[in-house]
Structure formats: C-alpha cells, structure tokens
Protein chains: 2
Amino acid sequence: MDIATRVYNHRWKMDPIVRSLIDTDFYKLLMCQLVFTNHPQTQVTFSLINRATHIPLAHLIDEGELREQLDHVRALSLSRGESTFLRGNTFYGKRQMFRPDFMEWFENFRLPPYHLERVGDQYELTFEGTWCEAMLWEIPALAVLMELRSRAVLGRMKRFELQVLYARAMTRVWEKIEQLQGLDALRIADFGTRRRHSYLWQDWCVQAMMEGLGTGFAGTSNCLIAMRREVEAIGTNAHELPMVYAALAKTDAELAHSPYQVLADWQAEHSGNLRIILPDTFGTEGFLRRAPDWLSDWTGIRIDSGDPATGAEIAIRWWQDRGQDPREKLVIFSDGLDVDKIQDLHARFVGRVKISFGWGTLLTNDFRNLAPDDGLAPFSLVCKAVSANGRATVKLSDNPHKAMGPKDEIARYKRVFDVGPQVAQDVVV
Amino acid sequence: MDIATRVYNHRWKMDPIVRSLIDTDFYKLLMCQLVFTNHPQTQVTFSLINRATHIPLAHLIDEGELREQLDHVRALSLSRGESTFLRGNTFYGKRQMFRPDFMEWFENFRLPPYHLERVGDQYELTFEGTWCEAMLWEIPALAVLMELRSRAVLGRMKRFELQVLYARAMTRVWEKIEQLQGLDALRIADFGTRRRHSYLWQDWCVQAMMEGLGTGFAGTSNCLIAMRREVEAIGTNAHELPMVYAALAKTDAELAHSPYQVLADWQAEHSGNLRIILPDTFGTEGFLRRAPDWLSDWTGIRIDSGDPATGAEIAIRWWQDRGQDPREKLVIFSDGLDVDKIQDLHARFVGRVKISFGWGTLLTNDFRNLAPDDGLAPFSLVCKAVSANGRATVKLSDNPHKAMGPKDEIARYKRVFDVGPQVAQDVVV
C-alpha cells in the first residue's frame with residue numbers, strides 16, 4: 001500500500017458502517033415516495049426491537065461508538081452520482097421511477113435526530129419525525145447495530161482465526177449457491193441488508209451470487225450495491241404501509257378498509273412487477289377473502305410469515321376463485337429462507353406459479369457456529385413503525401410470534417380483521 | 001492501490017515463482033557447505049522425475065513459460081540482506097553456521113544451465129554441474145513446476161470460484177491445526193517447500209501454524225520464509241549425500257562404508273540437533289546393524305520411508321541395544337504425514353522418545369478434491385541426483401516403490417547392504 005493512502009486511512013476517527021443514504025433497501029425509497037405524496041405530514045415513530053433478548057446489545061456495543069455511527073449516518077446526504085442513478089436508472093423496466101419533486105426533496109434530505117437510551121442490557125433507540133423522514137432510519141439503524149455487534153465479537157479474534165472465519169463463511173455461502181445452481185428457472189434476490197453481518201460481506205455475497213447463479217440471480221434489495229455492481233434493485237412494499245394506514249384509521253370501518261387503501265394508492269403509482277400484494281399484516285386469509293376484485297389483477301403476492309407453502313396454496317386458490325390463472329402469477333417467498341426451504345418450495349410450486357425468492361439473513365449473515373460461543377449467529381432485530389400521529393400501530397402477521405402492538409389493540413384488530421386461530425412458528429431470524 | 005504501483009506491476013513480463021536463492025530448503029544449504037568442503041570437484045547430474053505419470057506436465061505447462069521461470073531462477077543471486085541473515089543469524093543455537101569461505105562462494109553463485117526437453121506428455125529436465133552448483137536446483141525446479149501446474153489449473157477458474165477454493169483450502173489447513181492443538185508437547189515443522197501449491201500459500205500456512213500452534217510450531221524448512229517470518233529454519237541432511245557418496249565408491253567395501261563416511265563428515269561440521277541420522281537410503285535395518293558405535297551418540301533419527309511406527313520401533317531397539325536411553329533421543333517423522341498419522345504416531349511414541357514432525361505436502365499442498373477433476377491434487381514429483389562423476393546413483397529406501405537407479409546397480413546395492421524383503425507402501429505424495 002502506498003504511504004499516503006495508509007496515512008489518510010489512519011486519520012479517520014472511525015470506520016463508518018453506513019456510508020451512503022442509498023445503502024438501504026430499495027423498497028424504502030419506493031414507499032418513501034408514496035408516503036411523500038400521500039402522507040407528507042403524518043408523524044411516525046420508529047423503534048428498535050431486539051426480539052433476541054438473550055443478546056445483551058448494550059453490553060456488547062459501546063454507547064459512544066453507537067452514537068458515533070448514528071451521528072455519521074445523520075451527516076450523510078445524497079451524492080450527485082447517487083442522485084443521477086436514482087433519476088436516470090431504469091427500475092423494474094421503468095424510467096424516472098422517482099418523480100422530480102421527490103428527488104428534489106431527497107437531495108436535501110438529512111435523517112432526523114435519534115433518541116438513544118441504555119436500559120439494562122439493551123438499548124432503546126427511537127426515531128421521530130414525519131413518516132418519510134423517520135422511515136429512512138430503519139435500515140441504517142439495523143445495519144449499524146448488526147455490524148457493531150459483529151465488530152465487537154470479531155475484535156476479540158486473532159488474525160488467522162479471522163481469516164479462517166471468513167474462509168468458512170465464504171465456503172458456506174458458496175456451497176449454498178452451488179446447491180441452488182441445479183434449480184430450474186430459479187429467480188432469487190438478495191434481501192439481506194437489514195441483518196447483514198457487514199456491508200462488505202453483503203457486497204461479497206451479491207458478487208458471489210452474480211457469478212454463481214448468472215441470470216438466476218434477480219438482483220439485490222440494496223440500492224447502493226445495485227448501483228455499484230450494476231444489478232437490478234429489487235423490492236416492492238412492506239408492512240409499515242398498512243400498519244401506519246391502519247393506525248390512522250378513525251373508525252373500525254376505516255380500519256378494515258385501510259390495507260386496501262394502501263394498495264389503491266400503490267396502484268396509482270406503480271404497475272407491472274411492482275404490483276405485489278403483501279397480505280399478511282393483519283392475517284392473509286381474511287385479507288384475501290375481503291379483497292376487492294381489482295386486486296386479483298395484480299402481478300403477484302409476497303409470503304412473509306406463517307408456513308410459506310400454506311400461504312402460497314391459499315394464494316393459488318384465491319386466484320383460481322377469482323378466475324385468474326395462477327401460472328401467470330408471481331409468488332415471492334421472503335421469510336426466513338435458507339437453501340433447503342428454497343429447494344422444497346421450488347420443487348412444490350415450480351410450474352404451478354411463477355416463483356421468486358427474497359433471501360435475507362441466512363444469505364448475508366449465516367455465521368452460525370463460526371465464532372466462539374456462537375457469538376456471530378444472526379438474531380432477530382427489527383426496527384418498526386410503532387406509532388403514527390400518536391396512535392400505536394399493530395401488526396398481526398400469520399405467525400402470532402411476530403405480532404406486535406398494545407394488547408387491547410391487537411384484540412381489536414383481530415376482531416375487525418376477523419382473524420381466526422393461527423399456527424405459531426419459531427422466528428429463527 | 002496507487003496508480004504507480006499498478007503501472008509498475010503491469011510492467012513485469014511475468015510473475016516470478018522463485019524470487020530468491022534462499023527460497024529453498026535450509027538443509028540444502030547445510031549440505032551444500034558440506035559438499036563445498038569435501039567434494040568441491042564432483043560432477044553431479046540432477047534430474048526431474050514425475051512419479052505421477054498420469055499428470056501430463058507438458059500438456060499442462062507451456063514450455064515457454066517454464067523456460068521463463070527457470071531463466072528467472074538462473075538470474076537470481078544472493079541479496080545483501082539474505083547474505084547478512086545467513087552470516088549473522090543463529091541456526092540451531094549456533095552462530096556463524098555458514099563459514100566465511102562458503103558464504104563468499106555463495107554470494108557469487110548463480111545456478112548452472114538447465115537442459116529441458118519435451119518428451120511426449122512429460123518434460124525431461126536435468127541440471128549438470130559441480131555437486132554444490134547442481135544440487136541447488138532441486139528445490140526451485142520443483143517449486144516452479146508445482147506452481148506452474150497450479151497456475152494452469154487456476155487460470156481456468158472464475159473469480160469467486162477462486163476465492164472459495166482458497167477459502168476451502170484455508171479452512172482445511174486451519175482445521176488440521178486445530179486438531180493438532182490438543183497434542184501434548186507437540187513439535188512440528190513445515191517441510192513443504194518442494195511440493196507446495198505456491199509460495200504465497202506456503203507462507204500463509206506457516207503463519208497459520210505460528211498463530212495456531214505457538215511454541216508447538218518448530219519452524220520451517222524454507223530459509224526465506226524463516227527469515228521473513230522470523231521463525232527457526234529447520235532441516236538436517238538428505239538422501240543425496242549417501243547416494244552420491246555411494247556412487248563415488250570404487251569398491252564394494254567402499255560402497256558399504258559410504259553411508260557412514262557421510263555421517264563422519266557431517267559430524268566433523270555439526271553438533272547437537274543437527275546430528276540426525278537418515279538411515280533408510282539403502283535400508284534402515286542393515287544400516288543400523290552395521291553402524292559404528294559413535295553413531296548411537298547422535299541426537300536422533302529421521303524416518304522418511306517404510307512404515308513409520310516400525311521404523312521408530314527399530315530405532316528404539318537399536319538405541320537400547322547400544323546402551324542408549326531412547327527417552328533422550330529424537331525421532332523425526334517426515335514421510336507423507338497428515339494429521340491423523342501425526343496423531344497416531346504422537347500417541348504411540350510420546351514419552352518413549354522425543355518426537356518431532358516434518359510436515360510436507362499435505363500441509364502446503366492439500367488441494368485434494370478442491371478443483372474440477374481434482375486438478376490441484378498434489379502429486380509425486382522429485383528432483384534427484386541421478387549420477388556422480390558419470391556413475392549412476394541408487395536409492396533403495398524402506399519402500400521398494402521409492403527405489404531408484406539402474407536395475408543391476410539396485411541388485412548390487414541390495415547385496416552389498418544386505419537388504420532383505422521389504423514391504424511396499426503406496427507413495428501418496
């Protein structure tokens with residue numbers, strides 16, 4: 001290495017984890033534009049939730065370092081090249097996906113303040129602001145916490161231990177990719193930004209998928225990596241839309257209608273492969289049963305909780321009931337996937353529907369059993385919209401372990417959305 | 001990378017495999033000084049022998065590239081720092097191991113010409129000169145051929161395939177090291193220069209052993225790596241000494257005495273841990289039976305062919321017969337070792353003798369089953385003294401598969417050295 005580079009690098013007071021505002025999931029930007037248009041004044045609070053309470057984040061991660069990283073994220077703004085990419089690139093076959101008014105806003109955007117407090121072994125970390133401001137904290141906050149935890153564990157390892165750790169992790173990812181190579185007409189995307197081991201590791205995984213899967217690799221949800229590696233940016237919409245819309249509802253009738261209002265707003269903006277239904281926020285079965293007919297014209301559905309095969313069968317029956325041909329429809333699996341599950345789902349549904357996979361944590365953070373005391377195993381950390389204009393949000397999902405919100409509100413939602421008994425599934429990651 | 005460095009690197013017309021005259025086994029230099037003193041005028045021919053005839057080296061390796069690499073080796077001379085190291089370093093506890101007259105000669109040394117011819121799928125490669133000149137070709141010639149073969153196979157692999165190849169190889173070496181960590185009072189050295197996958201890979205293996213084994217790692221046979229990594233340079237003497245001494249013998253009586261003459265000359269120069277008997281050149285049992293009493297005073301023995309446990313038991317009985325305490329003696333195992341064999345031998349002999357291991361090919365070139373068609377598996381390539389002053393050399397060893405020399409001479413040697421029936425062992429590497 002040349003001397004100047006070395007000296008320059010050593011002048012950094014820290015090694016920033018998130019170095020770009022578009023080091024985030026692409027669908028956040030799609031949703032942000034929708035929110036910018038339809039709910040510019042709504043105040044939303046996002047909050048970090050560590051479902052893995054056995055992982056004492058506040059023990060592992062120094063508060064000062066965490067603040068430094070979060071402060072660094074707050075100092076970021078969209079670079080000229082990033083702006084050009086968002087304005088000029090074709091996303092999902094569409095030019096100018098992002099409207100000029102939204103881009104102008106985004107070019108001047110800075111993330112709002114955060115509130116950080118140590119409570120016992122955990123951190124309380126919340127973000128308040130208008131919805132389109134606060135929502136952009138979700139992914140960088142998760143990435144910062146995940147990577148600081150990785151660094152805390154890695155910091156105790158010796159040089160060759162580290163080399164071999166990554167050698168093992170690379171071998172593991174590659175063997176998964178080799179296992180996927182045999183699957184006919186595979187379409188799989190990286191959805192692993194939020195729980196990645198680190199930025200560089202996610203970037204490695206994406207490149208390995210590019211080489212190993214060729215056209216079977218559909219792209220990455222990470223907007224920055226999509227730009228740098230010149231692959232498709234992938235993603236549609238998430239639970240936060242129906243959760244916030246529902247929280248804003250003033251009556252039970254408005255509440256019952258809110259998930260469809262989300263999709264009506266979405267449809268006004270997006271077509272084609274972006275018209276993907278995410279049906280499970282308040283229970284998939286009831287959602288589909290009560291759905292307006294126009295929704296069955298949409299391109300596909302994303303299965304993100306509950307037993308995925310069951311979810312897909314429900315969708316297939318629903319399309320058939322509505323006179324649609326399931327073979328023309330797209331099913332995207334995105335919940336807790338790993339290669340065996342991908343193989344099973346592929347074998348079961350290939351030829352019956354179009355299928356695609358959004359592979360997350362077990363792509364970009366499968367460090368299970370690779371570090372002492374399994375210290376690098378991924379864990380279930382989320383950052384969710386917990387209130388909107390002062391009203392608590394609720395999520396039911398198709399897995400009661402993933403439900404969130406105040407108890408009485410959960411009961412009300414279950415009644416309004418007519419959710420019957422649900423099967424609990426372990427939340428692995 | 002800075003621009004100048006990149007431009008500079010791209011000006012190299014090739015990537016040299018051997019970049020230093022001391023990128024060789026340390027014992028070559030010890031032996032070279034002995035030859036320089038005792039046989040300065042003897043003419044010796046070394047010849048490459050590919051025991052693995054199924055590996056078509058001349059198909060795999062371009063003759064032009066091979067010549068470029070060999071020409072580069074011929075252009076090397078001892079650098080000032082290397083000379084300072086050899087003159088000033090302590091080897092085996094001794095200062096000035098290399099005498100000033102030898103160092104003066106070595107400082108002006110260049111390797112003699114080579115003779116290269118393609119014959120079918122193989123190369124005939126020979127080196128002629130005075131013994132001390134020609135003998136220094138052995139290790140660089142082997143290293144060049146092994147690494148050119150590696151490069152030929154690696155050249156067909158894609159970028160992430162390559163990364164994962166090395167990830168797997170690193171993991172494999174590390175897991176071997178972890179397996180060795182449990183062994184009480186382990187002493188193990190790298191003997192893998194001659195059949196290494198590549199220089200950088202050997203260097204990696206040495207560093208991994210340093211970190212993983214600590215004081216259990218005794219050092220490396222590679223003089224350059226020993227210098228750069230500041231570890232012990234390890235090695236004593238090899239079969240070429242008795243082979244050439246024997247070839248020079250004028251009568252059967254001189255022939256029978258020749259292996260002991262080697263050790264008498266050695267003893268005049270070296271003491272302590274360098275007094276290691278290599279007994280198998282013409283059969284271990286007869287060699288020890290006829291050995292002069294002073295030889296039992298030597299520090300230890302190196303077992304390099306035949307069944308290693310049998311060889312060690314023979315040595316133990318011999319010491320006992322000569323009134324020596326085997327617990328004070330050192331047994332060095334160095335033939336075709338891998339971790340399981342090391343563990344077995346350790347378990348069997350720990351406490352009965354001092355033991356040490358010289359771990360070669362399966363340390364520095366265990367790429368078995370890692371490349372398509374197993375194209376990177378190590379194979380048995382040697383470079384041997386085949387004649388001295390025009391007379392063919394002979395090696396019997398304790399494994400008839402390792403015997404070499406003209407048939408009638410082998411028969412004569414078997415008679416003179418009274419070699420009985422031998423058990424054939426597969427030569428893995």
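For all residues, glycine too, the Cβ spot is worked out from N, Cα and C.
TrEMBL annotations:
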| type | residues | note |
| --- | --- | --- |
| DOMAIN | B:22-145 | domain 'Nicotinate phosphoribosyltransferase N-terminal' |
| DOMAIN | B:187-420 | domain 'Nicotinate/nicotinamide phosphoribosyltransferase' |
| MOD_RES | B:His239 | phosphohistidine |
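In terms of DSSP secondary structure, the domain 'Nicotinate phosphoribosyltransferase N-terminal' (B:22-145) contains 61 helix, 26 strand, 37 coil. Annotation note: B:His239 (phosphohistidine) sits in a coil segment as assigned by DSSP.
Confidence annotation: the domain 'Nicotinate/nicotinamide phosphoribosyltransferase' (B:187-420) carries a mean pLDDT of 96 in the model. Sequence-distant contacts of the residue listed as 'phosphohistidine', defined as residues of its own chain at least six apart whose C-beta falls under 8 angstroms from its C-beta, comprise B:Leu278, B:Asp280, B:Thr281, B:Asp304, B:Lys384, B:Lys395, B:Ser397.
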